[in-house]
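Notes follow once the structure below has been shown.
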Amino acid sequence: MQRRGRFITLEGGEGVGKSTNLALVADHLEARGLEVVRTREPGGTPRAEAIRKLLLDPAADEPLDDDAELLLVFAARAQHLARVVRPALERGAWVVCDRFTDATFAYQGGGRGIDTARIAELEAFVQRGLTPDLTLLLDMPMAAAQRRLEGRLDRDGGQRDRFERERAEFFDAVRRAYLERADEAPERVYVVNADQPLDAVQDELKSLLDGCLEAWA
Ligand code: Z5A
């Protein structure tokens, strides 16, 4: 019987290095002969990417209701799970995903203040027991992460998406909620200090991955 693949997620606030390190994680696994699917949330399929656009669109003429935001995140997730994540895991591929449901607890729970019990209900409904095998939480103070993004904002003409327009308190609440998630699930979530040179972050990630590969063999 085909062995199910593993599901690895990268989490953290904006600019902590999720995209950069997703490439490292996926390359490291591929170098060991594994089939790896690289994906992201919200998004990962054409329809889920269309929902992502709606979520990030800063159009000020119609503010997005917090509950509508939460439901859109889970609608995109349902589509992504059905079309990409479950089929890949079932055929034995490993899935490496930039953000997943911990982001919902952090942004919609911590940031927007939505009751986490309601988020957990949607998590159970949409995921039907599927959770990541490993989550790499890249953690660092928001101000330092934002400095990394300044160059990109200049390049994009200063255009900020709906989340990037939030205030510092929002991002502090997001970070606290992420760290609470890590405390609640220490067997799954590894907190990595992202506020160090990239080489040091990547050495830590590689040794974490090697430990997991050995434990899962
Ligand atoms: N969202 C939500 O609300 N609810 C949900 O359930 C989900 C998402 C799933 C889009 O996410 C938004 O969706 C997100 C929350 C919401 N909004 N916010 N904020 P996203 O993942 O696409 O957006 P993002 O977090 O803003 O991604 P990002 O800005 O691309 O950041 P990143 O991927 O973490 O960083 P990076 O691009 O890899 O690195 C940023 C720069 O830093 C880059 O120039 C790197 O070369 C540099 N870098 C990386 N690491 C280092 C180190 N160690 N030292 C120095 N420089 C570094």
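Heads up, the Cβ atoms here are built off N, Cα and C, so glycines get one too.
Copied from TrEMBL, the annotated features are:
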DOMAIN    10-204  domain 'Thymidylate kinase-like'
BINDING   GLY12, GLY13, GLU14, GLY15, VAL16, GLY17, LYS18, SER19  ATP binding site
Residues flanking the ATP site, with Cβ no more than 8 Å from the Cβ centroid of GLY12, GLY13, GLU14, GLY15, VAL16, GLY17, LYS18, SER19 and excluding those residues themselves: LEU138, ALA145, ALA194
Across the domain 'Thymidylate kinase-like' (10-204), average pLDDT on the 0 to 100 scale: 95
CB within-chain contacts under 8 A for GLY17 (ATP binding site), separation at least 6: LEU138, ARG148, ALA194, LEU198, VAL201
DSSP-derived class (H/G/I helix, E/B strand, else coil) of GLY15 (ATP binding site): coil
